[in-house]
Structure formats: structure tokens, C-alpha cells
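A.B. asks: I grabbed these lines from TrEMBL:
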- 226-523: domain 'SET' (DOMAIN)
- 260-291: domain 'MYND-type' (DOMAIN)
- 63-96: repeat 'TPR' (REPEAT)
- 141-174: repeat 'TPR' (REPEAT)
Amino acid sequence: MEKLKSVVPSNIMRMISESTADDLPSTCSSLLDFFLSLQLFHDVVRELTDPELGLCRKNAGAALDFKKKGNECFSSGDYAKALSFYSQALRSAPMDKGDETDKNLVPTLYVNRASTLHKMGLTVESVRDCNRAVVRLPSYTKAWYRRGMANASMGNYEDAIQDLDIAMNMELSSGGNSKIKEELEIIKKQSRRVKNSPKKASNTNCSSIVEPFQTKLKCVSTSTKGRGIVSTVDVSQASLIHFEEPYAVIITKACRKSHCHFCLNELPADTVPCSSCSMTLYCSQYCQEQAIGQKPGIDLNVIPASGNVSTDLKRYVERISLENSGHPVADSNPACMAEHRHECGGVHWPAVLPAEIVLAGRFLVKKIEAKKYSKRAMDSPEALELCHNYGCMNPETKLEIHIYAIVLTYCLQLSYADEVSPSGLSQLAVLISQIKVNSMAVVHMKSPDACEQGKHSGGLSPMDNTLTNQIEQVRVGQAIYSTGSLFNHSCQPNVHAYFLSRSLFIRSTEFVEAGYPLEIPYGPQVGQGDLKDRQKVLGDQYSFRCQCSGCSELNLSDIVINALSCVKPSCFGAVVDRSMVNGKRQGANCIQDVSTIRCLEQPLPVDKQKRDDVSEVAHLLFEHKDGLETDIGYCLNCRSYRDLESSQKAIRQAEINIKRLQSRVTTGKLDRRIVSDALGSLDILRLTMHAYNKYIAQVEDSFAEAFCSIGDFQSSVQHCKASIKILEKLYNPNHIVIGNELVKLASLQQCLGDNTSALDSINHLDAIFSLYYGSHAAKVVPYLNSLKREASKLFQLGDTASSSNSTRG
């Protein structure tokens with residue numbers, strides 16, 4: 001797209017940069033007329049839409065090459081690489097049944113991968129791959145044999161016996177038949193032993209039941225924020241107030257190889273490729289069916305007919321096919337709403353264009369498909385009441401919107417030539433603007449090491465990678481939600497949005513009166529960044545200036561997050577940083593700096609609960625009813641002066657050793673001398689910066705990781721606590737950020753053997769996660785249950801040891 005941007009004439013660029021939403025029909029038409037006379041434009045469109053030039057088309061030759069590499073790795077015992085090559089082969093292999101070679105390729109690849117998975121101990125995944133093979137080719141003896149062996153490994157003897165019976169009846173060679181018969185006899189004996197053993201009670205997991213909610217939401221108009229959401233009844237703390245599936249969703253480019261393109265969950269080892277392109281991957285047959293709107297057919301004609309075997313086998317294959325869909329509801333996403341089907345066929349515009357542009361395409365396609373089954377378009381942009389701030393966007397963004405609207409129109413015409421035409425360019429430009437402002441980032445939480453330990457070792461060892469067992473946020477998708485997209489922003493939100501798969505959940509984090517706005521954070525919250533950073537993110541991404549309570553009221557965080565300390569050891573006051581005064585002088589260049597000065601120089605309201613905290617570091621603000629004249633370098637408590645130039649020089653010098661420490665922790669080349677030098681620098685920072693300065697919290701966290709890496713858990717715990725203490729002031733003790741930090745602290749305390757403190761930390765983080773996630777806490781934060789189980793186990797061991805010692809005494 002950069003090439004197209006570079007050739008746009010200056011007069012059209014000027015017209016677009018000065019345009020409003022009402023001007024879009026004219027500006028879009030002018031740019032289109034110019035592009036149509038340009039060979040470069042036609043070349044770009046052809047590269048994006050011609051299947052013969054597409055990077056995502058199926059390729060049997062590539063599939064065979066990957067298969068060969070997989071076979072070589074399997075033979076040498078490198079099963080991990082074999083798995084990767086077989087999966088790549090499946091992505092490339094044509095799924096349509098052509099000649100005999102093509103017809104057998106995909107089932108063969110599934111069985112080869114199933115054998116690899118079985119070798120790796122992934123028997124459930126192995127059975128699923130065998131299912132896919134027998135559904136495509138029910139006469140494939142090897143698939144039935146492999147399925148039987150995998151089922152036997154899991155103790156599913158009834159299915160295993162039936163699988164091997166089928167394989168034995170299909171096997172033509174006497175040697176192969178004898179081998180299957182021997183395996184069958186062994187499994188039958190194992191089955192009889194299991195039948196005579198007492199059965200264990202099944203542990204039914206009921207946590208998947210959807211949590212009920214009673215809140216009634218209403219869309220209202222506000223004077224400062226436009227449309228927003230309120231509740232018609234009082235909302236108690238930790239209440240689930242909203243649940244919703246997306247109207248349209250797209251996976252992020254960074255997660256295309258690691259997450260399912262439909263449900264957005266992490267991919268298993270037995271990934272399911274798209275049937276028509278080599279780009280998309282799914283976690284199950286169900287997700288593939290929902291995304292493309294069709295089910296794979298079962299070729300029952302290839303099942304050998306021999307008496308009653310054929311009829312029974314047909315029923316068995318049909319049952320396997322239904323089970324392999326991976327979901328009890330087979331038709332929850334009708335074919336007319338298939339979100340990926342128009343992107344298939346080998347064209348690579350869905351892979352090349354930005355995710356939000358592809359999302360706009362999915363939104364438009366859903367609207368088009370809905371019209372076919374309804375007199376009016378359900379949930380159109382107008383019906384969804386999505387706003388746009390096109391007029392406030394910068395010139396470069398406006399130009400990009402115009403270019404992408406034109407390019408997307410020509411891409412969609414491949415599948416919707418009658419419904420999508422250049423005459424609708426202005427509406428598509430508005431839709432793209434709406435997507436930019438209203439789409440939500442779908443974020444999943446994970447703790448990688450903990451998950452891996454739980455999978456492969458059956459438990460959690462707190463001594464392993466303690467500080468890497470932290471909560472990690474992964475932006476997996478971008479989506480439009482019919483109601484969720486109407487929630488307004490606040491830097492101090494009263495509700496929390498989170499995701500399970502692609503489903504949106506919104507939960508209250510405090511009591512909210514009926515009629516009071518329910519607001520979520522679009523970007524950084526109070527505590528994450530200062531006022532300047534928050535306003536810049538919101539202005540750049542959403543084109544509005546925030547006027548929430550966090551930006552219009554005085555907050556401790558905005559005063560101290562980058563503040564220096566008073567030169568008097570006995571004074572806890574904050575010293576205004578140089579950047580604030582520079583911002584005051586520069587005026588328009590620095591939103592936060594002007595805003596922070598305004599907070600100090602004008603008498604802004606302060607919440608009663610926050611007043612004591614603010615007074616601790618800046619009590620002079622409350623002694624000047626007309627505002628405080630803020631001078632550079634003066635303490636907000638005692639007016640003592642700090643030399644900012646020498647202070648900044650000391651900070652820059654200290655940062656050298658801190659950065660060296662952080663670098664060595666990352667590379668694993670840490671020694672005591674580097675730690676000692678960095679500790680000296682930390683002392684300098686503590687003397688120069690305010691105690692609640694966020695940079696000190698980050699440095700304390702680095703020391704916690706450093707000491708953990710060299711096995712000094714006592715020091716690691718101390719620094720982790722010091723970091724949390726600062727963050728509790730910048731946020732609040734029950735903020736989700738504190739819960740994430742407590743995960744690290746609890747792991748360190750377990751390593752130290754301080755089981756009582758570990759349980760206290762876990763109880764605290766459990767309370768925080770329950771506030772933000774309710775009954776979904778364990779699903780959203782997969783590491784939570786493992787941590788709690790390990791802590792309880794260690795605590796019980798500690799009690800046993802204490803009891804034993806007292807008996808001896």
C-alpha cells in the first residue's frame with residue numbers, strides 16, 4: 001500500500017486531509033478515478049486477488065515435499081520435527097478429491113501425524129487425526145489400525161476392539177492380518193482385566209455452565225461521550241453484567257500460527273487446516289466447519305460391502321464424524337454466516353491487508369449475507385449505532401482509509417460482484433472508520449511455563465522458572481461486539497472486560513448505581529501511564545480527548561508516577577519533574593504535561609478517599625484555594641528546591657548498571673559483581689526519585705528476577721514486595737495488576753518454603769481474580785489452580801513436619 005500512497009497527487013491528498021464524513025463520496029470518487037488510470041493500482045489488485053499469484057493456494061507438490069521430510073524425521077526419531085512437517089504438509093495439501101494420489105494424500109498425512117502424536121504420548125490428538133482419516137477414506141486399513149492402538153493406549157478398549165476388527169476385515173495380506181489379530185487378542189485380555197476392576201467415580205466438571213446475570217443494560221446519550229451504556233438497576237460488585245458473541249472477528253497476524261482462526265484458543269498439536277487455502281488453521285473440525293460454513297463429506301461408496309459389516313461400518317463412521325466435530329451443536333453457525341469462505345481460494349489479500357481491514361470485510365459480508373435471509377440487514381452499522389471520529393483523524397489515517405476502502409472493494413468483488421461496487425466506497429470508508437474506533441482487542445491470559453508443566457509433568461514445580469510463571473497477556477484477535485462496542489472509556493473503569501475463546505464477558509469491579517455510566521478502559525489506566533501517555537494513546541488510536549474522572553480529578557498516580565523526591569529526608573513530598581514545565585512552555589506539543597500542570601495550578605476536585613494519599617505527597621495543593629503556582633524543582637509539601645539537572649544526571653548514570661543487570665538476566669550471564677553494582681544504582685534511584693515513582697517499581701521487579709535466577713529467593717521476595725508496595729499506591733491494592741504480581745510473589749514464597757505467606761498471597765490474588773473474573777477465574781488464568789494446589793500441598797507438608805517435630809520434642 002505504501003507504493004499507492006506515494007503516488008497520490010498533492011491536490012487529492014489535500015482534499016482528503018481536509019475532508020469530513022460528508023465529503024467522502026467526493027474524495028473517494030476522485031481517488032478512485034486517479035487509481036483507475038494508474039497501471040500500478042491494477043497490478044496491486046491483481047497480486048492480491050489472482051489465485052495463481054496467491055501465496056495461500058494449495059500445492060500438492062509442496063505437501064509431498066513436507067511429507068518426505070516428515071517421514072525422514074520420524075524414521076530418525078525426531079518426532080517434534082516430524083509433527084511440524086506433517087502439519088505443514090496438511091496445510092498445503094489439496095483437500096478436494098481428485099485422482100487416486102490426491103484422494104489418498106490427506107488421509108495418509110493424517111495417519112502419519114497420528115503415528116507421530118502417539119509416539120509423543122498425545123493419544124487423544126492421535127485418535128482425532130485417525131478420525132479425520134477414516135471420515136475422508138473409510139476403507140483406509142492403516143487408519144483403523146492406528147486408531148485402535150491409540151484407543152487402547154487410553155483404555156478405550158471397546159472402541160479399540162471395534163477398530164482393530166474393522167482393520168482385520170479390511171487387511172488383504174496374511175502377514176498384516178496376523179499382526180492385527182495378535183494385537184487384538186492382547187487388547188481383549190486387557191479389556192477383561194479392566195472390566196473386573198472397580199470403576200472410579202467420574203469427576204464431572206460443571207465449571208463450563210454459563211453464569212447467570214440479572215443486569216438490564218440500556219444505551220443512552222451523554223453530553224461529553226456520545227452514546228454509552230448504563231444499567232437500569234443497581235449493580236453489585238463482581239457481578240457479571242454482560243455476555244456476548246462477536247458480530248465479526250479476525251485473528252491477529254502474530255497469532256496465526258499459534259491460535260485457532262475461529263475460536264481464538266491456542267492450537268493443539270493436531271491442527272486442522274482450511275480446506276481451501278493454506279493460511280488458516282483451526283483447533284477442531286467444528287471450528288473449521290463454522291468458519292467456512294460446510295462439513296466434509298463422508299465417501300461411503302469406498303466402504304467394502306460384505307454382509308452386515310458395511311451397514312454397521314457406515315453407522316460407526318457417521319458416529320465418528322459427529323464426535324470429531326468437537327462440538328455438540330452441529331449447525332450453530334449457518335452457512336450464510338461463514339466468516340472465512342469469501343477469503344478462501346488461494347488469494348492472499350486476507351493475509352496481506354491489515355487485520356482491521358479484513359475485519360471490515362467480514363463485517364460487510366455478514367451484512368450482505370443477512371440481507372439474503374431478511375428484508376432488512378440485521379445489525380447493520382446504523383443498527384449497531386457505531387460512531388466514528390473520521391473528521392478528527394489525522395491526514396495520513398484518512399488517506400489510508402480511502403486507499404483500503406478502494407482496494408477492499410475490488411477484493412470483495414471476487415465473491416460479491418453484485419453486492420459490492422465502487423458506488424459504495426464512501427459507506428465502506430465510514431465502516432473502516434467505525435472499525436478503528438469501535439473494535440475491541442480480544443486478549444487472552446496465559447502463564448506459559450505453568451501450563452506446560454501442568455501438561456507434561458502432571459504438576460507444578462515451584463523451583464522451575466519461578467518468575468517466568470507470570471500472567472502474560474496475548475492479543476489474539478480484533479472484534480466488533482454489537483453491545484460491547486458501545487461501552488464508553490474511562491481511565492478509572494468500574495467494569496472489566498475479558499474473553500473466553502471469542503466470547504466477551506463484562507463484570508463490575510465496584511458497586512454501580514442504576515443509571516450511572518458503565519465504562520471500560522480502551523487503553524492505559526490510571527497507574528499504567530501518566531496523563532500525557534494516556535491522552536496520547538487515546539488520541540492517536542480513537543481520536544478523542546479523554547475527560548473521565550481519572551483525567552479530570554486529581555490522582556496520586558499522576559503526581560508521583562514520574563516524580564522526584566524532596567531533598568529533605570524527613571519530607572515525603574513530590575517534586576515536579578522538568579518535563580511538566582517544558583510541556584507548559586511548549587503548549588500544544590505535550591498534552592500530559594499541560595494537564596498535569598493544570599491539575600496542580602487549578603483547584604480540581606479530589607475524591608475524599610484519595611485526599612489523604614494526595615495530601616501525603618502534595619499537601620500544599622489543599623492550602624491554596626486558588627491553585628498552586630508550580631515552580632520547577634520545588635517540593636509540593638515543603639517547597640524545598642531540588643536541582644533537576646544534577647538529579648537527572650545521577651539517574652542516567654544509575655540506569656547504566658540497571659540496564660546491564662536486566663540484559664544479563666535475559667542472557668543468563670549474571671554474576672554477583674553486576675548485582676552489587678546495580679544495587680548501588682538502586683540506592684541512588686531511591687534517593688533521587690520519589691518512593692512511588694513507577695520506574696523504581698520496575699527496577700525492583702528486575703532485581704526480584706535477578707535474585708531468583710541465582711537462587712537467592714529471600715532477596716527476590718523482598719524486592720518483589722517492594723515493587724508491589726509501589727504498584728498498590730499507583731493503582732489500588734485490589735487492582736488486577738496487583739493480582740498478576742502476586743502470582744510471582746506466591747511462587748517465590750513457595751520456593752523459599754514460606755508456605756503460610758504463600759497461602760496469604762494466593763488468597764489475596766484469588767480474591768482479586770474472583771472480583772475481576774468471577775467463576776471464570778480458573779479458565780481465564782490457567783495457572784491459578786495449579787498454584788493453589790501446590791500451595792495447599794506444601795502447606796499440608798509443612799503442618800505434618802511441624803507436628804512431627806513437636807511430638808519429638
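In case you wondered, yes, glycine gets a Cβ from its N, Cα and C as well.
Keep in mind that TrEMBL annotations are predicted by a computer and have not been checked by a curator.
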A.B. asks: DSSP helix, strand and coil counts for the domain 'MYND-type' (260-291)?
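C.D. replies: Secondary-structure composition of the domain 'MYND-type' (260-291): 7 helix, 5 strand, 20 coil.
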A.B. asks: The repeat 'TPR' (63-96): mean pLDDT?
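C.D. replies: Mean pLDDT across the repeat 'TPR' (63-96) comes out at 95.
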A.B. asks: Which residue counts does DSSP give the repeat 'TPR' (141-174) for helix, strand and coil?
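C.D. replies: Secondary-structure breakdown of the repeat 'TPR' (141-174): 28 helix, 0 strand, 6 coil.
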A.B. asks: In the repeat 'TPR' (63-96), how many residues does DSSP put in helix, strand and coil?
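C.D. replies: Counting residues by DSSP class gives 27 helix, 0 strand, 7 coil.
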